[in-house]
Structure formats: structure tokens, C-alpha cells
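Taken verbatim from TrEMBL:
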{"type": "DOMAIN", "residues": "3-114", "note": "domain 'Tetrahydrofolate dehydrogenase/cyclohydrolase catalytic'"}
{"type": "DOMAIN", "residues": "133-273", "note": "domain 'Tetrahydrofolate dehydrogenase/cyclohydrolase NAD(P)-binding'"}
{"type": "BINDING", "residues": "GLY159, ARG160, SER161, THR225", "note": "NADP(+) binding site"}
Amino acid sequence: MILDGKGLAARRLELLKEDILEEKLSPTLATVIVGDDPASHMYVRMKHRACEQVGINSVNVTLPADTTTKTVLDRIRQLNEDPDIDGILVQLPLPEGIDTESVIASINPEKDVDGFHPLNMGRLMTGLPGPRPCTPKGIMTLLSEYNIPTSGKRAVIVGRSVDVGRPIGLLLLHADATVTICHSKTENLAEITRQADILVSAAGRAGIITADMVKPGESVIDVGTNQVNGKLCGDVSFSEVEKIAGAITPVPGGVGPMTIASLMENTADIARNRCVHFM
Ligand SMILES: Nc1nc(=O)c2c([nH]1)NC[C@@H]1CN(c3ccc(C(=O)N[C@@H](CCC(=O)O)C(=O)O)cc3)C=[N+]21
């Protein structure tokens, strides 16, 4: 079965649009992009398009690639203090020379739509409510909407990034999965991935998940967004793994659109709660 992230995300955006109207919310998302990386600009444009679709206002701040960390921090302070801004998203990766950790830590945690602020990472770790990182949240929505069980199941994650690998591990753990996080130093990777009921690949290496690494019936979630000869492809060798997996997400059309849907949901949640729910 192919897991249709694109279709599910579209349905969720429709529902969110109705909720925003009914609840008379007027959320505003601010995006901050530093430099001129074409992929980053494309992603930010997609986020603004989604905002338009659901009735979220959006503003963008673009800073030149040679901006100093201090200038980025100053702009974020302005957005933090602006009562008209509900959510702040700093598009990653930031150009070399900018202190990403300080930038993320400077975002008001109440406006942190990505859930990347250390306080919100702590809330995720402990299971307290808070905004959850968008890609992991989108994956959990996809699993639950397709009734793919997690409780007692073996989840194997390939990749230990702070934005995907680690937080999806925690969300799956909170959902009572038995979680293994693999990475570039893992020995006998195929042996481990073959034991999974749910395999999440967030390694960022095209084609690293091959048919021999997947057991029949396994659910395979592909987070890869790799450019290969100008074409977007995932971490999974789709054509061979599709025949073995019980369920699999395509790239494009799988996790990517769910990430954007989660971002819209987080932005609306922040507008609803405004310092209440997350504290
Ligand atoms: N602060 C921050 N938050 C992020 O959430 C964040 C980020 N920085 N930096 C980059 C990554 C990447 N990311 C994607 C979002 C949507 C698609 C997506 O919708 N992709 C489409 C295809 C797009 C295409 O056609 O190229 C799909 O998979 O179907 C992909 C990747 C969010 N990220």
C-alpha cells in the first residue's frame, strides 16, 4: 500500500481551513530565510502557499547570506515582541558562520512553530504538551490515519538528526513503540532494519534503504529529500522496496506534504492557545 501523504495533507488543510473560519482565528506566521539557497526559497514559498490555502496570514523576512548572527537575533527579537505574529519559523539550514543554536534559542518558545527551541525539545522529551517538530508530527499523523499500530511494535529509525531522527524516536516511544535509532556508525544496519515493524529513514542519502534491508509487510516511511541529477528522491530504493513493504511513503507526495500540514496545524494551535496551553 502506498501511503498518500499528499492527499491526506490536502484533506487536513481543508479541515483546518474550516476550523480557522469557525473559530474566527486570524493566525500569522513569520518565516525568516537567510541567504539565497534555491531549495530553501522553494520550501518557504510552499509554506506561504499553504498559509494562503488555509487562511493563515504570512510574512517573510529575507536577509542576505552575509548577515551576522547579531542581525538575525535582532530581527527575531522584533518578531518575538510583535503581538501580531503568532508563529516564527527560521528556515534551516542557515548559512555557514551563523550560530544556528543561538538563533533557535532566541525564538520565543511560545511562537516556536517548529518545536525546535530547547524548551520545547525538553517538553517533547518529557512528554509535556508543546509544539512538536513538523516532520515527526506529520509522520505520526500519517501512521494513525492509516491505522498503522505503534504500541508494542518495533520502530527503527535511520538517522539521528535533531530535527527528525531524535524527535520521531521520542514520539514513537511515547506511542509505546520499541525504538532503535541507527546512524552512520551503526554496525549491521540491515540486520536491525529487517527487524522493524516501522522503518523511518531520515538519513538524507538517496537509495540507502534497499530491498534486502526490509522484511515483508514492514511499514516504510521515507523522510529523504535528496536531489539526484536534478530530481527529488528519497532514501528508499522505492521500486524494489515497494514490492516487499506492507506500506510505503513515496517521495515526492509522502512525508513532505505532511510536514507542511503539521506546520499549519502548529501555527493555528499557537494562535488558539496564546501562552496558555503550552505552559
Ligand atoms: N525550520 C525549518 N523547518 C522545516 O520544517 C524545514 C526546514 N527548516 N528546512 C528544510 C526542511 C525540509 N522541509 C520540507 C518541507 C516540505 C517538503 C515537501 O512538501 N516536499 C514535496 C515536494 C516538493 C518538490 O516538488 O520538490 C513532497 O515531498 O511531495 C519537503 C521538505 C521542511 N524543512
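Every residue gets a Cβ built from N, Cα and C, even glycine.
Please treat TrEMBL annotations as automatic predictions, because they have not gone through curation.
The maximal spread of the NADP(+) binding site, taken as the longest Cα to Cα distance among GLY159, ARG160, SER161, THR225, is 16 Å. Each of the binding-site residues ARG160, SER161, THR225 was scored by the number of other CB atoms within 10 Å of its CB, and the largest score is that of THR225. Under DSSP, the residues of the domain 'Tetrahydrofolate dehydrogenase/cyclohydrolase catalytic' (3-114) split into helix, strand and coil as follows: 58 helix, 19 strand, 35 coil.
A Cβ distance below 6 Å to any atom of ligand 1 is met, among the binding-site residues GLY159, ARG160, SER161, THR225, by THR225. A simple way to gauge crowding: the CB of GLY159 (NADP(+) binding site) has 24 other CB atoms within 10 angstroms, across all the protein chains here. According to DSSP, the secondary structure content of the domain 'Tetrahydrofolate dehydrogenase/cyclohydrolase NAD(P)-binding' (133-273) in residues is 53 helix, 28 strand, 60 coil.
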